[in-house]
Amino acid sequence: MTKPFQPGATIGMLGGGQLGRMSILAGRAMGYRFRVFEPSAGGAAAMVADTEVNADYDDAQALADFARSCDVVTLEFENVAHEAVDVITGENVPVRPSGDVLHICQNRRREKEFLRANDIPCANFRVVANANELAQATQELGVPCVLKTAAFGYDGKGQVKIEDLAADFDAIWAGLGCPLGVVEAWVPFSAECSVIVARGPDGAMTTFPVAENIHRHHILHQSIVPARLPAETLAEAANLARGVAEAIGVIGLLAVELFVKPDGSVLVNELAPRPHNSGHYSMDACQTSQFEQHIRAVCGLPLGDTRLLRPAVMVNLLGDVWQGGEAPDWAILLADPDVKLHLYDKGAPRPGRKMGHFTVLKNTVEEALATAESLFSALK
């Protein structure tokens, strides 16, 4: 077993967004130092890091120099080239999660094939490379179905719903704009949920409470905890997520997004080997936040207690709330002592851009949800 990286060690962070920022803030409270590697200067994570390196992810020399100043390296998003991770590990610096985990999770084809190879339930799918294969896959899977880019898709980007067997497949394929796609059979789900699993180098695992997720325009709007799902479904979701984390061998966090079918069974939708938007509620509602747990797992420390302290509803704050570029009246939220506001200091707001979130903590999930919806409406 490897020796833990104790407080005072330097953690490298690949990526400079809000997930990195919140991970760094959690780690700094524990006494860790942080270096951020990010192509663009002045991102949300860099503002709270000790130092920042601005270079492209294919700059091998910059990556090697960065690695030599770190004890361990982690990441805040999965779309980092496998070769970049190889450069860092070539300097005898561990990257957690590993390049092998990233290689699977950053590509839908590899992710789906991993799930299928490990008998993990997911939607039926086909891999396609042209319009003819797309047409054939649609015939086999039936309509509706969903065409997704094999790589670099998130928040609903890079996908299109196909509802007609006589659709213009040439136009649909051309519009996707990528060399490879994955067609997924439509899942008639009754709810969406997610489970965040932490796994340490010793194989120890903990799961956070299952979050029930509500999306608007393919972007997460609310996470509701505890999820309003049957106990059997909650147990199945948590067990399935632990099985995925074990099978893939992640060190760090793994967010497992799930569809809940009308009969209460669950299917894996997507994987993310990092802190996840649907886990933000844990910052205020759990004994240990997902961000502290991420640092604990990456550094090989004992994992923290993930129990839920109070029912919670997390609401994303997108740039759309900044009407005319003006910030909302935050006093609306802060007047309630059970509301926690988190802003990411990301600069100019844009529609669809995640600028922050707030979490409502109440004695019941129904009260938290009613308050969250009322406050969000008042902000707009």
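Using N, Cα and C of the backbone, Cβ positions are placed for all residues, glycine too.
Annotated in TrEMBL:
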type    : residues                                                  : note
BINDING : ARG108, LYS148, 153-159, 184-187, GLU192, HIS215, 269-270 : ATP binding site
DOMAIN  : 112-299                                                   : domain 'ATP-grasp'
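DSSP classifies ARG108 (ATP binding site) as helix under the three-state reduction. Within the same chain, the residues at least 6 positions away from ASN269 (ATP binding site) whose Cβ sits under 8 Å from its Cβ are CYS122, ALA123, VAL187, GLU192, GLU257, LEU258, PHE259, listed in sequence order. In the three-state DSSP scheme, GLU184 (ATP binding site) is classed as strand. Across the residues of the domain 'ATP-grasp' (112-299), the predicted structure has a mean pLDDT of 96.
Its Cβ taken as reference, GLU184 (ATP binding site) is surrounded by 20 other Cβ atoms within 10 Å in the chains shown.
Secondary structure from DSSP puts ASN269 (ATP binding site) in a beta strand. Of all Cβ atoms in the protein chains displayed, 24 besides its own lie within 10 Å of the Cβ of ARG108 (ATP binding site).
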